[in-house]
Amino acid sequence: MKKRLFIAINFDASTKLAIAQIAQTLPTHNHLKKTAVDNLHLTLLFLGDTDEELIPEIQAALEVAAKNFFPLELTFTQMGVFPNPHLPQIVWLGLKGDGLILAQQHLSQQLDGMSFLRDSKPFRPHLTIARVKGPLPKETIGALRELRPPLPPLTIVSSIDLMASQLTPAGPIYTLISSHSLK
């Protein structure tokens, strides 16, 4: 049997609350769906539909990778939209931190021998706070471009998590499979 898997950084409750407060500043529109607070995370690697029997091997690789990194200090840098400001599909918060890119690359190398869906785009650390599910009026798009909310304070991340994602009509349901403490 297969599970839709990804490796993520999950945030503590106070950081999630600060992010949710930023999401509340977004313009209101039927086609703008905010990310549920419990679903806020930073995806390090999307593994896709993965055979369940590979999970122990993935967990072992995560354990090795986690031992190579100290807890990460992450700073939220800006709010933006993908793919472009005129046709937004995702509203995001950018992140940066010493070691974040290196940690993501190290994880990718640890899992390199396994056959996973590979994203050809370079890693751009971001947290999705809303998705656009249909056309938005120009006024709403303009309001999104103009938003400059105060960003959450620095956050310290002490683990990386293996997560499962189940897609439902009401939105994705994320389940923690295992957590791996950074050194």
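One-based numbering along the chain as shown.
Here the Cβ of each residue, glycine as well, is placed from N, Cα and C on the backbone.
Just so you know, TrEMBL annotations are computer predictions that nobody has curated.
As recorded in TrEMBL:
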type     : residues : note
ACT_SITE : H41      : active site, proton donor
ACT_SITE : H126     : active site, proton acceptor
MOTIF    : 41-44    : motif 'HXTX 1'
MOTIF    : 126-129  : motif 'HXTX 2'
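Residues 19, 22-23, 26, 34-35, 40-42, 76, 79-80, 90-95 of the same chain sit 6 or more residues outside the motif 'HXTX 2' (126-129) yet have a Cβ under 8 Å from a Cβ within it. Sequence-distant contacts of H41 (active site, proton donor), defined by Cβ-Cβ distance under 8 angstroms and a gap of at least six in the same chain, are A8, I9, N10, F11, L127, D161, M163, Y174. When pLDDT values are averaged over the motif 'HXTX 2' (126-129), the model yields 96. H126 (active site, proton acceptor) falls within a strand when secondary structure is assigned with DSSP.
There are 20 other CB atoms within 10 A of the CB of the residue listed as 'active site, proton acceptor', with all protein chains counted. Secondary structure of the motif 'HXTX 1' (41-44), assigned with DSSP and counted as helix (H, G, I), strand (E, B) and coil, comes to 0 helix, 4 strand, 0 coil.
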